[in-house]
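Participant: Can you keep this structure in mind? I'll have questions shortly.
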Amino acid sequence: MKKLLLGGAALMALSVGFTGVTTGSAQAQQCTTKIGAVLPTSVDWGRPIAEVAQFAVDQVNAAGGAGGCQIEMVLRDTQVDPKVGVDAARALVDLDGVEVLLGAVSSGVSMPILTSVTVPSETMMMSCCSSSTAFTNLAEQGETKGLFFRTFATTGVQAAVGAKVAADQGWGKVAILYKNDDWGQDMARIIAADFAEAGVEVTGSVALNDAQPSYRAEVAQALSGQPDAIYLALYPAEGTMAVREWIGLGGTQNMIMANSLKSDEFKENVGLQYLAHAYGTDTASPRAESADAFVEAYRARFEAEPTGPGLANSYDAAMLALLAMEAAGEGATGPQIAAAIPRVTDPEGTPITADTAGFAQAKEVLAGGGTVMYQGATGNVRFDANGDVSAPAVIWKFGESTIEEVQYLPLEEVNAIMSDG
Amino acid sequence: MIGVISYLVFFATVASILAIAVLGLNLHWGYTGLFNGGVVAFFGAGAYGTLMLGGAPQPHLGGFEWPWIFALIGGVAAAAVLAWIVGLLTLRLRHDYLAIATFGVAVAFENTMRNAQGFAGGAQGIRGFERPFREFAGNGLGWNLLYLALVLVALVATYLFLERLARAPFGRLLRAIREDEEAARSLGKSPARIRLTSFVTGSAIMGLAGGLYGTFYAFVSPQDVLPILTFQIWAMLIVGGAGNNRGAVAGAFLIWGAWTASGWGLSRFAPVDWQLYAGSIQWVLIGSVIVGMLMWRPEGLFPERVGEDRPQTGRTT
């Protein structure tokens, strides 16, 4: 059966090859390989995530493509609807013959895609932003067959560092406001445990549903415990509303923010003057000159700071998938590409930057049988056996024009905090 | 070529499952005139019921590992029980009031599933469901073909059942209640009981669709039971033709076809600069189809045909 499927894919690759000939690429390559992307492009914060994935593909094509061919990313909208997302993934795998699928964002969409499309059809899946701990459990049971990866650092890292912020600042009582979805529920659960571990009292944990006209009731509830600080596991839209109401009701300006609030939209709509004591957590780029490559390239391309939720993760997801395709060679299948991931995330390998030059360098090293260490936009990415990523962490603050770094926590230190918790 | 077949099998499965739900709504709205705005609650009850009864043990309630067919029946029963309770409370309401009340039930259902982590897994949803017949049908196209066959059997059975029902005296009674409840009552019928029967039956059919849906994806989460699904199923019924079972099935295939084909077409043919906006363009296209349908063919593609096999019974207005 699989052979037949492959035959279909080969036929399709052939026909694609013909179009490649007729258009005549500048790199003298005569083929195009398709990769799929299923992302919520009809949602405001989803579009930049897709944009930055396409940006990574463009950079790779400028370096001569991956796996001997130019790359075409076929982008499909999920509408954040599992049915639509699964259908899109099915169509990409069956009709476009992709061996690599980027996406999805919501865990509720990624999960059915994983269980009913990519695992049965042996396609590698690389999600930028699905955070649910359910994927780790699934991988531990061996049901992802090593085909699933995600560049979104597990909620555990952020929670551990968030608890550290509260302890360092001497905030003894903290209230939690969280987005009422799988990510937010995970965050709230894990951070509450970490706070308890660090001796910080949690005065209340309140869920915020999406798209409400007001969060006054929820904010008042969180306020009633008279906390020293507030922990925000929210997205910019509801985060802005909740924080405005929080400050309006006389709440403390001591805040700890998850990386989802690392956005100019949030900063501008709340007002920088209220964010002087707001500390954020995030995974970080490694301390190497090359790590700025993504930020600079992004600025040059989009004339903006790469600060929206998931942008760096999406870029790395695309880059890593393409590096693995390069390492696996021409015509590689999903499992072969997935098996090549360690060759491009090898801590002992040649460090490469996250841009066209870095990809070109990686091609040479990989062609010579070597391994590379990808230094990406979210850091020095490394996957564990479950496809979860571990990375250094950073504590940050909003500055006048940029994000200011307060403290950098190398991977060893993050692992130390994590194992304490 | 095999890829195309594989995709078409997948598409037909999802469309058939949705068609079953549309048939259930047709019994509510098309035959009985019940404006059910909470289709997704009964669909969800079927999906959650099936997965909780048939799944592997999980930290939350459920995971009883029942044989699939019993789990599916349990899911249908869950939808029927929910419908019975909701029906007792709300069926005295008419039209738009009933729509608002049932819509509220659906939102409450979704929120309960999202928040009740100990009961239904919360926002992470329910997974760990072993799809039936995998031992001998494998995991690929073979299984998909087998499952399509099962879904088609369910669809045909539901269709025949409703066709039979519509031609039976009970079907005429439903129409009588829809058109003029007072008149039906004056003939000694009990509209309240009949409406409840129709509501529970239609909801059980939606529950069947939900159970088949949950089995197919081996996963269900609150994201599967958002109000958009109610809207999609209504759109299918309106485009197909309320009061006509053939229309309900055709509407499901057409709307779901348009929904997916527009996404595929845009990803393939739209200029690269537009790709990022394809998702939004798709929404506009889908909305336009429904608006156009309502303006130029409000009775649907297959309008209701009353009494053509019984010339003496005309539509009572």
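Just so you know, glycine gets a Cβ as well, placed from its N, Cα and C.
Positions annotated as transmembrane segment by TrEMBL: B:7-29, B:35-56, B:68-89, B:141-162, B:196-219, B:225-242, B:249-270, B:276-296.
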Participant: Per the 3+ Cβ pairs under 8 Å rule, pairs at least 6 apart in sequence, do the transmembrane segment (B:249-270) and the transmembrane segment (B:7-29) touch?
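Facilitator: They are in contact.
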Participant: Report, as numbers and ranges, which residues of the same chain sit near the transmembrane segment (B:276-296): CB under 8 Å and 6 or more residues beyond its ends.
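Facilitator: Residues 235, 238-239, 255, 258-259, 262-263, 266-267, 270.
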Participant: Would you say the transmembrane segment (B:196-219) and the transmembrane segment (B:141-162) are touching, if the rule is that at least three C-beta pairs must lie under 8 angstroms and be 6 or more residues apart?
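Facilitator: Contact confirmed: at least 3 Cβ pairs fall under 8 Å.
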